[in-house]
Amino acid sequence: MQPNNPNQFTEKAWDAIVRTTEVAKEYRQQQLESEHLFKALLDQDGGLAGSIFTKAGVNLTKLGERVEQFINRQPKLTNPGQSVYLGRSLDALLDRAEGFRKEYGDDFISIEHLVLAFAKDVRFGQQILREFSLDEAKLKAVVAQVRGNQKVTSQNPESTYESLDKYGRDLTQLAREGKLDPVIGRDEEIRRTIQILSRRTKNNPVLIGEPGVGKTAIAEGLAQRIVSGDVPESLQGRKLIALDMGALIAGSKYRGEFEERLKAVLNEVTKSEGQIVLFIDEIHTVVGAGATQGAMDAGNLLKPMLARGELRCIGATTLDEYRKYIEKDAALERRFQQVYVDQPTVEDTISILRGLKERYEVHHGVRISDSALVAAAVLSHRYISDRFLPDKAIDLMDEAAAKLKMEITSKPEALDEVDRKILQLEMERLSLAKESDAASRDRLERLEKELADLKEEQRSLNAQWQAEKDIIDQVQAVKEEIDQVNVQIQQAERDYDLNRAAELKYGKLSELQKRLDAADKQLSETQTSGRSLLREEVTEEDIAEIISKWTGIPVSKLVASEREKLLHLEDELHKRVVGQEEAVRIVSEAIQRSRAGLADPNRPIASFIFLGPTGVGKTELAKALASFLFDDENAMVRIDMSEYMEKHSVSRLIGAPPGYVGYDEGGQLTEAVRRRPYAVVLFDEIEKAHNDVFNVLLQVLDDGRITDSQGRTIDFKNAVIIMTSNIGSDAILRLGGNDAYYEQMREEVMRAMQVHFRPEFLNRVDDIIIFRNLRRDQLAAIVKLQIARLEKRLADRKITLKLSEAAIDYIVEAGYDPVYGARPLKRAIQNELVNPLARGLLKGDFNDGDTIFVDIENERPVFRRLSAMPVV
């Protein structure tokens, strides 16, 4: 038979025949024989020939080597040229393949026909197959196993053979091998799933819930129950196969190829007569999957089988995607029964973490303390609001363990310091070796001794580090062995091989347990000796540190230096804010409450309204607070309320509603706080905003949360909310200077506030703080602060600036205005100090490195270079 008509062959079979020519040319042979085709079949990636031989118990590597040996023994041409000829053996083999096609009643010659034809190939096939104990009967049995009772009716039938093996993952097999994580709790959901699966029709549960609550884990839990026999009779011995939609769609380049693959999977499930339960994770992907022009989507292929109860299928998807895809297709929706999977409580999450702890300890080779598990559940629930338990708590535990493992494998700090010191001294020694004077020789001698001591210390530390690492590795290795033995014990108990189970449990397992106890004892002795370089237990501090890295919220316990800093918070703020003792005290107390862990966890850290005339330090205090908390005064969310004077501008805070431009961008306030939940949020000049804007802030002030235009809940529980306003500033200016009128002034200001703001808004604010107008002596302190800032700018040129008391009084007088507060001082400093100084620098009167003294003469500032005459 001449292989010149590709329409007689399936795609894969024709590919192998075409490749035969290349194989012959590679080996410099001109005649195409059966061995060249055999090699081409073996070389196919994931090919059916390889699968048939593997199932027949043949080692493919050895088979490949044997074929190559045979080809290499055949005659070779020094210059084979371009043309190749069809050999007699290959021609006969293709005729036999045609015979097998007719025998099986297929439309095309397929790979399995070619493989069977080798059984009667006198030149090569019979000899090779005999070496590997194969004959036609054995090959036919394997082919029957692979293709079942399917016929070759298309040119790509190989993709439909063993389709469940190709496009699915056997969860029950993984459970048998102990490769699935234990599933703790979720009994109610698993029971409801089993109940639905036991129905006669529409026996298809769909698990719906938020991402990360454990929907896939329920399917894995069911697989584990099937393996352990803890299911009703209708599910005993069944297989649970997870369908991989990605693999099913990938590479289906021709129209109808995807449907063909899916149909093959569904046929296999149907023919199993209830022995296979299909699990489709992210089931919304089947709606519209593979639907090209004129082709049917996967959802429509599933519907008839789901309705008749021929296909038992478990789906899993999130609430949003269920609503978006499944609910729109009412016919598909009614074929599934909903099982709602809720987020577990913090207590349930702790139980789940305790169940998973051992797996993570074995994987990372560290120990995880119980307090760390509790901290992971509690802190993730409190501080990570946009994700769900138990997923976020498991991630925390996993990352904390990974971080500790990384520290164990990295060089310890003590050893690193010694290494750096040795390197430094080595460089110094090289330098001193070139000197010949007595002092250098003396120093070199001392250095050699110091270097010898350090190298001894380095050797000792290295040995200790290696010893500790070895013990930790040993503990991990023993734990892994125990894990494997436990899986073997479970397997033996399932097979009722009680002798094997007892032998493992009371022999191997107890021996491993003794080894583990000895290694643990050795490790704890090393660590309690006080000389330990490594830490191998994850604690709650590690969890708190990871939370801080994720969110920017300081959760870790206060170290002594930070405690000291917080106790002196008032003094820190007063370094920037002059006067306003009451305001600084109230703000400091709020931050101290929060960091001590005594603040209400369901409200913002604090919310204030700062009232007072312009230029008295309202915005400056907010900046000082941001600078204290984040070491950067710009690290605050600043919303200028004068930009929100129209009613519709509220959408800029929380995001535009659906259908409007900018819907996807989110709001200026919500996005900023979502990215940085631990923040100072400053609403500047709130009286300028439209009244409806404050309705948005009611939930923020009361519950510490707000829902943006996308439906996301933004958490403000770790934010300090500060609002500034000039309302009532006339009363403050009139009465604020005199303490005797303080109560009267406060009453007038509060009346003005009640006229402008609604009671439900004012009632939710923690404190309304009134900033007093500034006295002359306070202005002098502000001048000194401003001069210090000017000195920082001059420091680049190494110029020092000194002012006499008279000069400071002159600037205070020039900038004093009770109505405008401290702002005119900036202008006075600029006009009376900065401008003349700039002129002097440009003229060359002052140079880099000078000390400039400013005094007053004839009621004007005079600039002197110290030890020189006045220059301005």
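Just so you know, the numbers here start at 1 and follow the chain as drawn.
Heads up, the Cβ atoms here are built off N, Cα and C, so glycines get one too.
Database features, via Swiss-Prot:
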- Gly209, Glu210, Pro211, Gly212, Val213, Gly214, Lys215, Thr216: ATP 1 binding site (BINDING)
- Gly612, Pro613, Thr614, Gly615, Val616, Gly617, Lys618, Thr619: ATP 2 binding site (BINDING)
- 394-528: coiled coil (COILED)
- 6-149: domain 'Clp R' (DOMAIN)
- 9-74: region 'Repeat 1' (REGION)
- 86-149: region 'Repeat 2' (REGION)
- 162-343: region 'NBD1' (REGION)
- 344-552: region 'Linker' (REGION)
- 562-773: region 'NBD2' (REGION)
- 774-872: region 'C-terminal' (REGION)
Ask   = How big is the gap, in Å, between the Cα of Val616 (ATP 2 binding site) and that of Lys215 (ATP 1 binding site), rounded to a whole number?
value = 57
Request  = Would you mind checking how many other C-beta atoms are within 10 angstroms of the C-beta on Gly617 (ATP 2 binding site)?
outcome  = 25
Remark   = Nearest to Lys215 (ATP 1 binding site) by C-alpha distance, among the binding-site residues Pro613, Gly615, Thr619, is Thr619
The domain 'Clp R' (6-149) - residue tally per DSSP class, helix then strand then coil = 97 helix, 6 strand, 41 coil
Inquiry  = For the domain 'Clp R' (6-149), what's the mean pLDDT in this predicted model?
reply    = 79
Glu210 (ATP 1 binding site) to Thr619 (ATP 2 binding site) - Cα separation in whole Å = 41
Note = Using a 10 Å radius on the Cβ of Val213 (ATP 1 binding site), the other Cβ atoms enclosed count 23
Query = Which chain-mates of Lys618 (ATP 2 binding site) that are at least 6 residues away have a CB under 8 A from its CB, listed by sequence?
reply = Phe610, Leu611, Gly612, Thr724, Phe771
Key: Length of the line joining the Cα atoms of Thr216 (ATP 1 binding site) and Gly615 (ATP 2 binding site), in Å   = 59
Inquiry  = Spatially, which candidate from the binding-site residues Thr614, Gly615, Thr619 is nearest to Val213 (ATP 1 binding site), comparing Cα atoms?
reply    = Thr619
Inquiry  = Taking 8 Å from the centroid of the Cβ atoms of Gly209, Glu210, Pro211, Gly212, Val213, Gly214, Lys215, Thr216 as the cut-off, which other residues in that chain fall inside it around the ATP 1 site?
reply    = Thr318, Val341, Gln343, Phe388, Asp391
Query = DSSP says what for the region 'C-terminal' (774-872): how many helix, strand, coil residues?
reply = 52 helix, 18 strand, 29 coil
Message = Whole-number answer please: how many Å between the C-alpha atoms of Gly212 (ATP 1 binding site) and Thr619 (ATP 2 binding site)?
response = 42
Note = Rounding to whole Å, the Cα atoms of Thr614 (ATP 2 binding site) and Pro211 (ATP 1 binding site) are apart by 49
Ask   = Fewest neighbouring Cβ atoms within 10 Å: which of the binding-site residues Gly212, Gly612, Pro613?
value = Gly212
Query = Far apart in sequence but close in space: which same-chain residues, 6 or more away, have a Cβ under 8 Å from Pro211 (ATP 1 binding site)?
reply = Thr318, Arg387, Phe388, Asp391
Nonlocal residues around Gly214 (ATP 1 binding site), in sequence order (Cβ under 8 Å, 6 or more apart) = Val183, Arg186, Val341, Pro344, Ile352, Pro390, Asp391
Request  = Can you check which residues sit near Gly209 (ATP 1 binding site), meaning Cβ under 8 Å from its Cβ, same chain, 6 or more apart in sequence, and list them in order?
outcome  = Lys215, Thr318, Leu319, Tyr340, Val341, Asp342, Gln343
